[in-house]
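Novice: Sharing the features that TrEMBL gives for it:
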type: TRANSMEM; residues: 6-31; note: transmembrane segment
type: TRANSMEM; residues: 43-62; note: transmembrane segment
type: TRANSMEM; residues: 82-104; note: transmembrane segment
type: TRANSMEM; residues: 124-145; note: transmembrane segment
type: TRANSMEM; residues: 183-204; note: transmembrane segment
type: TRANSMEM; residues: 232-254; note: transmembrane segment
type: TRANSMEM; residues: 266-284; note: transmembrane segment
Amino acid sequence: MPSSTTLIFMVIFCLESLAAMLQNGFVITVLGREWVRCQALSAGDMIVTSLAVSRFCLHGMGILNNFLASFKSCFHIGYLNIFWNFFNSLSVWLTSWLAVFYCVKISSFSHPVFFWLKWRISRLVPRLLVGSLIICGLTSSFFAIELAVDLEMINSQNPQGNCTAAPAVLTFSRHYFSSNVGFMWLIPFLLFLVSTFLLMFSLCRHMGQMRNGRPGPGDPSIQAHSMALKSLAFFFIIYMAYFLSLIISAMKITTIQSHWYWVREVLTYASIYLHSLILVLSSSKLRKALKTKFSDLCAATS
């Protein structure tokens, strides 16, 4: 029986995951309706919609994953984890492509590479999305092969099939998975890091130029750029926390019975929720749809 502290964090985890699924479902509904109505989506909205779909599935798989693990289900140890890894990797890649897209579109660098990217980025987005699906599918396939090999080795060493593994098997699995993690998460993380720093540098430089040309802290353009910088800094901190929690999860420091495991899960999925919330609030289209939805709810209750 889990302790009271563990149960509290389990409840918080469920509530924030359900809230995140509602949030991402809202994004999918709004942008999906626009796609049906206009038969097209802008490049940025395509990435945001794909990210919302991947995170909706990620939160759902997170709930199933953790609670099947709590009941020590061998099905959890097997193939359900593959889907979680797929949607998690896809979410990481799409977050990075969104950072790259905003960096290319907003930054004011005069290098020829940036001019070329500004002209081509919208056409490249569908290919980037398909490429992300292929990469995540391949890495999930490698992870599935690893799980199949591990289960076969476990069954060969333990005829009772009680899902315990010898230390050598666990060591092999951990080393193999670490190399997999390096490909799944490190490359998109570096893309996100470089894109965010370049965008912040460009905004700082542009804000300095505006202050020299039009001094005054109350200038609307300077205030808008200052707000964008604060959002980017908060955005960066959230993503860093998410990435560190993924690394800790891959190292398997805590067990499912420990309340620290659920603390880590709460923080991990909270960072995803906050990142999606920033995307909703920073989009005028989604903000308008959210206000309309709240107005309809208030009118219905009054």
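For all residues, glycine too, the Cβ spot is worked out from N, Cα and C.
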Novice: Tell me, please, if the transmembrane segment (124-145) and the transmembrane segment (43-62) are in contact, taking contact as 3+ Cβ pairs under 8 Å between residues separated by 6 or more positions?
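Specialist: Between the transmembrane segment (124-145) and the transmembrane segment (43-62), contact is present.
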Novice: Cβ under 8 Å to the transmembrane segment (183-204), counting only same-chain residues 6 or more beyond its ends: which ones?
Specialist: 85, 89, 92-93, 95-97, 99-100, 102-103, 106-109, 136, 139, 225, 228-229, 232-233, 235-236, 239, 243, 246-247
Novice: List, by number or range, the same-chain residues at least 6 past the transmembrane segment (82-104) whose CB is under 8 A from its CB atoms?
Specialist: 43-44, 47-48, 50-51, 54-55, 57-58, 61-62, 65, 114, 117-118, 121, 125, 128-129, 132-133, 135-137, 139-140, 143-144, 147, 184-185, 188-189, 191-192, 195-196, 198-199, 202, 239, 246, 272, 275
